[in-house]
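Visitor: I have a structure here, written as structure tokens, and I will follow up with some questions on it.
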Amino acid sequence: MTLTDSDIELAAYIDHALLIPTATPQQLEQCCAEADQFHFPTVCIYPVAVKQAVQLLHNKKVRVCAVIGFPAGATTSTTKLYEAREAAENGATELDVMINLGWLKAGKSEDIYREIASICEETGLTVKAILETNVLTDTEKRLAAEICMDAGASYLKTSTGWFGGATIADVRFLKQVTKGQVGIKASGGIRTPEQALALIEAGANRLGTSKGPDLIRQLQSPRETKPPEDQ
């Protein structure tokens, strides 16, 4: 398959995700092969798959991102830190960390700060803090964004995809709050190139999706390919 400049331009934003609970080693092989084929910069996977992914992507330009505390964010800070350290030791270079939403709702800002800061400081990796914007008020979104930026997160990620996907409105809101201080990752429910490009236009620097290959194929033959069903 030959990729055009426009294909590669969209591909450069995609974190190619394999985050279904039933994912097999064979599916991970396919995910990594697709990331390499389509020039996606990152695969986003569960910690259990990091070692295999690092081996599969040896000498490739694709980075490995592990999700931490995913998808609920309700494990202890000690557990999240251990999970993050182990992912780093196994070769992950990025971490998508789910914040504790219960703490946010209860006003426990310091607990959230300490948790994210400890992961950032002790691993030294690129950390994307997942906010789950679909279950937050605008006030809570702003507070969560400010806490995670102060704690050292490099990106704010809209959602896990388990409770609704990214919206243009939320990406714009986070862009306004962050003022370019950190990146924004739009994630979940991205099914068409038009949607992907609209999220980028709104301010997204990364797109988290399992549909990356389909997005590129739709760009190549938009009249022949129907939007796929989301996972």
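Quick reminder: no glycine exception, Cβ is built from N, Cα and C everywhere.
These came from Swiss-Prot, pasted as-is:
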ACT_SITE  ASP96  active site, proton donor/acceptor
ACT_SITE  LYS157  active site, schiff-base intermediate with acetaldehyde
ACT_SITE  LYS185  active site, proton donor/acceptor
REGION    209-231  region 'Disordered'
Visitor: Kindly assign LYS185 (active site, proton donor/acceptor) to one of the three DSSP-derived states: helix, strand or coil.
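Guide: It is in a strand.
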Visitor: Any same-chain residues 6+ apart from ASP96 (active site, proton donor/acceptor) with CB under 8 Å of its CB? Would you list them in sequence order, or say none?
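Guide: Set apart from ASP96 (active site, proton donor/acceptor) by at least 6 residues yet with Cβ under 8 Å, we have CYS44, CYS65, ALA66, VAL67, ILE68, PHE70, LYS128, ILE130, LYS157, LYS185, GLY208.
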Visitor: Which of these active-site residues has the least crowded Cβ, counting other Cβ atoms within 10 Å: LYS157, LYS185?
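Guide: Among the active-site residues LYS157, LYS185, the sparsest Cβ neighbourhood within 10 Å belongs to LYS185.
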